[in-house]
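Copied over from Swiss-Prot, here are the features:
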- GLU181: active site, proton acceptor (ACT_SITE)
- ASP44, SER45, ASP83, LYS112: 3-methyl-2-oxobutanoate binding site (BINDING)
- ASP44, ASP83, GLU114: Mg(2+) binding site (BINDING)
Amino acid sequence: MAKKMTITSIKKSKGVHPLVMITAYDALFARLLEPSADMILVGDSLNMSFAGRDDTLSATLSQMIYHTNAVAKGAKNSFIICDMPFGTYTNRDDALKNSIKVFQESSADALKIEGGEDKAEIISHLCSNGIAVCGHIGLLPQAFRSEGGYKVKGKTDEERIQLIRDAKAIEKAGAFCMVIEGVKADVAAQVAASVKIPVIGIGAGRDVDGQVLVFSDMLGLFEEFTPKFVKKYLDGASLVKEALKSYADEVKTRAFPQDIHTY
């Protein structure tokens with residue numbers, strides 16, 4: 001069994017080897033992906049992939065705590081990051097209160113917060129109170145309404161400069177790593193080179209310090225929509241449907257159960 005990652009080992013990976021981060025929402029999948037992942041992200045994406053909602057905004061703190069504990073049961077040797085859901089860190093006091101609640105009631109090793117310079121003060125406040133924080137810059141799913149949709153960042157020089165400012169502000173605030181999402185590859189590479197902490201990409205090219213994907217996307221289980229940045233490593237939906245049809249057919253023809261399945 002591989003040694004569990006720590007804040008220190010995550011930071012030291014910068015420039016040595018890319019970090020592998022995968023999302024999980026339950027014990028079953030957490031157990032399956034643990035051997036391959038350096039870190040498991042319990043993302044608020046569960047509101048879409050698991051709960052079937054249209055976006056992440058209605059995910060609650062209670063949901064995140066519940067699923068973080070489920071993941072921890074299945075992946076006892078993994079570094080687990082819990083997403084802080086929309087509306088739980090709008091100011092210093094609420095952010096600290098809600099972060100403490102997650103730490104006290106779940107097995108999270110760290111929390112992830114969306115935002116750049118605008119969230120640096122809150123991140124600093126959390127870090128100074130013993131909360132490990134992973135940042136998240138670029139395309140921010142929790143801000144899709146105010147942004148007018150999910151828009152790729154880094155297309156203009158102004159956006160490039162702001163992304164670098166965001167990354168440096170998060171690093172200075174005390175974050176141990178950050179996710180960069182939906183950013184032009186060349187700009188994401190510049191952002192990663194501008195800071196000393198790992199920058200983990202999703203839809204941000206290969207020249208960053210690691211990658212993260214949603215497990216149901218990469219396994220081909222989510223059929224409704226596949227983002228451009230997702231590679232399907234398995235046609236999971238087709239395989240599952242085929243297996244379920246075989247089961248249904250065998251039940252209807254009484255081919256199942258056979259003697260070996262009977263007491």
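Placement of Cβ uses the backbone N, Cα and C atoms for every residue, glycine included.
Model, not experiment: these values are computed from the prediction.
Locations of recorded Swiss-Prot features on the structure.
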{"residue": "ASP44", "record": "3-methyl-2-oxobutanoate binding site", "contacts (Cβ under 8 Å, 6+ apart)": "THR56, ALA59, MET64, ASP83, PRO85, PHE86, PRO141, GLN142"}
{"residue": "SER45", "record": "3-methyl-2-oxobutanoate binding site", "contacts (Cβ under 8 Å, 6+ apart)": "THR23, THR56, ASP83, PRO141, VAL214"}
{"residue": "LYS112", "record": "3-methyl-2-oxobutanoate binding site", "contacts (Cβ under 8 Å, 6+ apart)": "LEU41, GLY43, ILE81, CYS82, ASP83, MET84, VAL133, CYS134, GLY135, HIS136, VAL179"}
{"residue": "GLU114", "record": "Mg(2+) binding site", "contacts (Cβ under 8 Å, 6+ apart)": "HIS136, ILE137, LEU140, PRO141, GLN142, ALA143"}
{"residue": "GLU181", "record": "active site, proton acceptor", "contacts (Cβ under 8 Å, 6+ apart)": "HIS136, ILE137, GLY138, LEU139, LEU140, PRO141, GLY201, ILE202, GLY203, ALA204"}
Local Cβ density at ASP83 (3-methyl-2-oxobutanoate binding site) - other Cβ atoms counted within 10 Å: 30
